[in-house]
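Colleague: One structure coming up, written as structure tokens, with questions to follow.
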Amino acid sequence: GTACGESCYVLPCFTVGCTCTSSQCFKN
């Protein structure tokens with residue numbers, strides 16, 4: 001649920017533990 005400050009529109013999430021939701025990366 002915490003935003004990782006990343007976009008995953010083109011590339012996957014870089015930070016470990018972050019998942020892609022609606023083109024944004026979130027961790028828990």
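Counting begins at 1 with the first residue displayed.
Placed from the backbone N, Cα and C atoms, the Cβ positions cover glycine too.
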Colleague: Can you look up which of Cys13, Cys18 is joined to Cys4 by a disulfide in Swiss-Prot?
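Modeller: Cross-referencing Swiss-Prot, the cysteine bonded to Cys4 turns out to be Cys18.
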Colleague: Rounded to the nearest Å, what's the C-alpha distance separating Cys25 (disulfide bond) and Cys4 (disulfide bond)? Just drop the number here, would you?
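Modeller: Here the two Cα atoms lie 5 Å apart.
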Colleague: Excluding near sequence neighbours, so keeping only residues 6 or more apart in the same chain, what lies with its CB under 8 A of Cys8 (disulfide bond)?
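Modeller: Within the chain, Cys8 (disulfide bond) has Cβ neighbours under 8 Å at Cys20, Ser23, Gln24, Cys25.
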